[in-house]
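See below for the structure under consideration.
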Amino acid sequence: MTAERQIRFWFFGLLVFLILLFFLSSVLLPFVAGMAIAYLLDPVCDKLEAMGASRTIATSIVTLIFLVVVLLVILLLVPLIVGQAARLLENLPGYLEFARAKVATLLTMIEMRVDDQMLEKLRSAVLGSADNVFSWLTTAFVGVLSGGVAVVNLLSLMVITPVVSFYLLRDWDKIVERVDGWLPRDHAEQIRELVKEVDSTLSGFLRGQGTVCLILGAFYAIGLSIAGLDFGLIVGMTAGILSIVPYVGSIVGLALSVGLALGQFDSLTPVIAVAAVFFAGQMLEGYILTPNLVGDKVGLHPVWLIFGLLAGGTLFGFVGILLAVPVAAVIGVGVRFGLGQYLSSHYYQGTGRAAAQEPAASAAAADAPSAAPEASSEEKAES
């Protein structure tokens with residue numbers, strides 16, 4: 001098979017995969033979630049297997065412990081989160097009115113320093129923009145709460161995902177060995193090296209940054225609750241989840257918590273305490289968690305990760321969000337490999353051009369000395 005036919009074959013396969021992913025995205029969620037869980041838990045099963053347990057027993061133990069932890073988290077946290085979310089929706093009109101009053105007060109202060117015509121334009125622009133933003137936020141928040149159950153089929157997640165993850169986890173090594181046997185023989189070793197790099201990038205990010213998200217979510221939730229913020233649990237957990245992208249969780253959580261604190265408290269001291277929680281969390285993330293849990297081996301730039309998450313969510317919904325990080329890792333490794341191939345090729349180094357010029361220069365250098373003796377011999381004959 002020529003290189004051109006190989007490119008066509010793989011391009012056609014990728015196109016078919018994307019089409020199937022688009023049309024089956026609502027069905028694939030429990031299977032993608034089960035695959036992700038199996039991938040994350042495979043090292044634990046390998047360690048139990050190395051200690052003498054069979055693969056089936058190791059998989060059963062790991063899956064059972066994982067399900068117990070998930071059920072405990074659901075039973076303990078979900079009622080609190082649902083209660084705080086319901087109260088937040090009830091109090092949202094009051095917060096919006098408070099924000100409008102603050103904007104009106106600010107405009108009144110500006111009124112003394114700006115002429116009437118400019119003030120009217122500013123007032124209409126600010127209030128109109130505020131209404132649009134608040135309306136969009138309300139619609140988005142209600143949509144997430146009401147549509148989340150429709151998008152994420154809880155029944156399939158609770159029933160199908162554990163079964164899929166169990167069987168994938170039990171047969172993970174066999175599946176990897178079988179797929180390895182399908183690799184093109186001429187490029188198998190090179191593909192294995194690329195897959196190892198993808199695995200290193202992906203595992204380092206998911207296990208490292210995922211642990212960072214869990215720790216930060218707990219830290220923010222506990223800290224905001226101690227500071228007295230009404231919706232500290234839901235804001236803290238939201239900030240922790242968004243910390244999958246560095247700095248995004250801290251920035252969004254700080255803005256939300258300070259805004260809620262300004263509407264809840266009459267003095268600035270609790271507001272400063274709420275802000276201090278996020279500054280402390282940022283220091284914890286930057287100086288302790290990320291260097292020790294993630295390090296420099298991830299290789300996923302935050303901008304590239306944000307783009308991947310947004311693009312995956314827009315194209316394929318929640319399944320696209322789950323697949324965004326693996327796809328971003330694969331594309332990142334592929335781009336680095338292609339760039340390395342280009343930098344070592346004659347297209348970049350110009351070796352072909354230099355090689356073409358080198359014989360001509362050598363020939364000219366060889367001809368120059370031979371002409372001089374001939375000329376000198378002719379001069380001797382004339383003399």
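Quick reminder: no glycine exception, Cβ is built from N, Cα and C everywhere.
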In TrEMBL, which of the ranges 109-133, 334-358, 359-383 has the region 'Disordered' annotation?
359-383
What residues in the same chain, six or more past the boundaries of the transmembrane segment (241-263), come closer than 8 Å to it by Cβ-Cβ distance?
94-95, 98-99, 102, 209-210, 212-213, 216-217, 220, 224, 227, 229-232, 235, 270-271, 274-275, 277-278, 281-282, 285, 290, 302, 305-306, 309
In the same chain, which residue numbers or ranges, 6 or more beyond the ends of the transmembrane segment (212-235), come under 8 angstroms Cβ to Cβ?
77, 80-81, 84-85, 87-88, 91, 241, 243-244, 249, 253, 256-257, 260-261, 264-265, 270, 273-274, 277-278, 280-281, 284-285, 289-290, 293-294
Should anything in the same chain at least six residues away from the transmembrane segment (270-290) have a Cβ under 8 Å from its Cβ atoms, list it; otherwise answer none.
211-212, 215-216, 219-220, 223-224, 227-229, 239, 243, 246-247, 250, 253-254, 257-258, 261-262, 264
